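A.B. asks: Marked as coiled coil by TrEMBL: 745-792. What TrEMBL lists as domain 'NF-X1-type' is 188-206, 241-260, 294-313, 347-366, 374-395, 399-418, 426-445, 483-503, 592-625, 635-653, 697-716.
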Amino acid sequence: ELSSQRKFDEIKKANQAAAKKLVEDQFSSSSEDDDENAEVKQGKILAKTFTIYTSQTDGDASELERTRQYMNEAFQSGAMTCLICIASVKRNQAVWSCYGCFCIFHLVCIQKWAKDSLFLVSSPLTDDDFGKKDYPWPCPKCRFEYKRSETPSRYYCYCGKVENPTLDPWLVPHSCGQICEKEFKPSCGHKCLLLCHPGPCPPCPKMVTTTCHCKKAKPVPRRCSAKEWSCCLPCGRTLLCGQHTCENSCHAGDCQPCPRVSKQQCICGRQTAERLCASPRWQCDQVCGKPLPCGNHTCEQVCHAGPCGDCPRSGKRSCPCEKSKFTLPCTEDVPTCGDSCDKVLECGIHKCSQRCHRGPCETCRQEVEKQCRCGKHTKRMPCHKPYLCETKCTKIRDCQKHQCRRKCCSGNCPPCDQVCGRTLGCRNHKCPSGCHRGSCNPCPETVDVKCNCGKTVIKVPCGRERTIKPPKCKQLCSRPPTCHHSTQEKHYCHFGRCPPCRQSCQKTLTCGHLCPVSCHDEALVKQTGLHQSAGPWEQPSEPAFIQTALPCPPCEVPIPVECLGQHEVSPLPCHSANPYSCKRFCGRLLDCQNHTCMKECHHVTKLNSSADGKKVGPECSQCEEECTKPRPSGCPHRCVLPCHPGDCPSCLQMLKIKCHCKLSILYIECLKLTCADLKEKELLISCKNQCPKELPCGHRCKEICHSGSCPLNCSQKVKLRCLCKRLKKEIQCSKIQEGQVSLECDALCKEMKQKASEIKEAEAKAAIEEEKRRQQAELEAFENRLKGRRKNKRRKDEVEVEQSSWQKYKNLIMLPVFGVAVVMVAW
């Protein structure tokens, strides 16, 4: 389990590292974005880089074009290419920039290039010479030479301040983001104000006060990069001829030679000619011819100045072999001395054996034992003849590929004279240099990568044209349209087929309208069913698409159309603009004038051309309903006729109605009841009998059958009693209800009340005493049980309680009292 977990962790880390590298590669590409957002971002970065410089020039960026080109190449896809390995330079790779041509190389590639160059230069040297001279190595592009000590070993930004600059998407690739501060070339004392950038620094934007070349004009403020200026006045400086002044306008440097022509004598003074004033000294072609001091000879020098000098034949002269000297007149020749010549011959070994003689010595004719140049053979032969054997040298030349193959080689084999011929990294050309060791120089050619129309061109190193994307062309595509339109939609130059036409079709349809959809002359249609698989083992093929012209779709222009029943007007597509049913009810008033047609919206035939469009037609339904007109108030019967126009006939049916008292059933004509007023209805519904309802007092109503509530003035006579019920009196019921009459008790009634109260008090006292006796008996019985006199047997205590006098005689007393009370009540 531990080993499996370890393997899983290792694979997980490897996958994460691979994913991280993939993301960095995609992010670090010189130009990973080709959309408008990338261009906006690039513009912001360039503006930020140029801000300080343009602030010194009041926004003038005309001097920044060359630097801008290098910076654009840093963002452009494939423009930054290492000429050594012919690969793109990415954002996260260590690079080195040449000081001469500002070309960018991979740091590893340039280190290997410098090492190989130094090895190739120093390899032919002997051990004694090795290390004594510091041989340089050249830039692969511009051949600018660098010392051995200048071989790059670390990765720095463009300005050289920061080692290993961090990757920042909002900075120029390989830039540190700080101010460059390199000294301008030619040096003016100021430093570059741009942020760390590739390519050369722009001209100095500082303002200085300077005068013109001739120093005549007043000093004026000018840009430091253009501080030398001309006032356009005549120079006026004295020329070298010493006679004339410079007539040119104010200029830099020395004045030109005097352009005027004058007559001047030669050096010897014999001839005179018109010549430029700037070159007054000249020689003629005549020999001097003046007599020398010896008086026998004349000067043989060509036109010269000064004295001719002594005669060259005067004084001591040597014989031809220079062993003897003679003093003779200049008119006599020096004789030979008669001794041997002894001058070293051309062979450099032997001497001339002839007597002293005039003229050159003859060739050496001595026979010597000669060794050939390669040292492998010897032969006796004349000394003046060279000896070369026929043995071919088998040493390998400095290219380390080919043998020398030179006859009788001395060992110092010449460089290989064959052409290298190896295919360069561009895969297009072969190396034209002589056969050599190490890698070939990068291909110096550049290739134009063009857009489709050829108006936009970028130059890339040879070999990169196959992998670099074509440049974005801002010119409009000039291809003719492939659809029926006269002109195609405007779009930029591109490769491949033009995008589908998105213009409106505008073909005239059969209805007369124009087709409003996008052009469909070249629509992609998927073809299905062309290939049938042989079995389930065969993989399904990708669907094929063909480009074909599709017919125009049905016209969708909205046309106002009225429904069949003329209820509404709705906009319908032109291709389906026919009368339709709106799904509502027809709604036309039927002949009954009470109901409407309930059919779904339908066509109605007009019987009369001048008739109203809302009139019912033969297609509408026929009314089969009963009459539903409202009946007179109180009539519960329906109309006996079917649904009809106009008023209903009078109702002649009998109504079965209960009277007001609800006891009798009356039969009355519906017409009489509905047409009667309130008083008549009251009489018709009354049964003419006494009202059976009870009044609130409990007596029956004395009125004839009537509606509503009964009157409250009851005339029935009732008996009124006093409070003790002994006295009574007959009085009208309504007066009692109103509380107008009352009957008070007399003295006898009061006396009887007092006696009854005394009897109640005596009974209450007797009951209390009885209760006390009972409780006392229970207490004694409880105490006896607690004493434990009878532990084994328990028996009930029998206590005899003596009855009181009230209990003995209460029945005899209460019976007469109750009898008297009953009689009084009855009375």
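Glycine residues also receive a Cβ, built from the backbone N, Cα and C atoms like all the rest.
Structural setting of the listed features?
C.D. replies: Mean pLDDT for the domain 'NF-X1-type' (188-206) in this predicted model: 85.
Within the chain, the domain 'NF-X1-type' (241-260) has long-range Cβ neighbours (under 8 A, six or more residues past its boundaries) at 212-214, 216-217, 228, 230-235, 276-280.
Mapped onto DSSP classes, the domain 'NF-X1-type' (294-313) shows 0 helix, 2 strand, 18 coil.
Summarised by DSSP class, the composition of the domain 'NF-X1-type' (347-366) is 0 helix, 2 strand, 18 coil.
Residues in the domain 'NF-X1-type' (374-395) partition by DSSP class (helix H, G, I; strand E, B; coil) as 0 helix, 6 strand, 16 coil.
Look at the domain 'NF-X1-type' (399-418): DSSP puts its residues at 0 helix, 2 strand, 18 coil.
Sequence-distant contacts of the domain 'NF-X1-type' (426-445) (same chain, six or more residues past either end, CB-CB distance under 8 Å): 83-84, 86, 113, 116-117, 119-120, 123, 140-141, 397-402, 415-420, 461-464.
Here the domain 'NF-X1-type' (483-503) has long-range neighbours at 451-453, 455-456, 470, 472-477, 518-519, 521-523, meaning same-chain residues at least 6 beyond its ends whose C-beta is under 8 angstroms from one of its own.
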A.B. asks: Going by DSSP assignments with H, G and I as helix and E and B as strand, what are the residue counts for the domain 'NF-X1-type' (188-206)?
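C.D. replies: In the domain 'NF-X1-type' (188-206), the DSSP-based counts are 0 helix, 2 strand, 17 coil.
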A.B. asks: Determine how many residues of the domain 'NF-X1-type' (483-503) DSSP places in helix, in strand and in coil.
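C.D. replies: Going by DSSP assignments, the domain 'NF-X1-type' (483-503) contains 0 helix, 1 strand, 20 coil.
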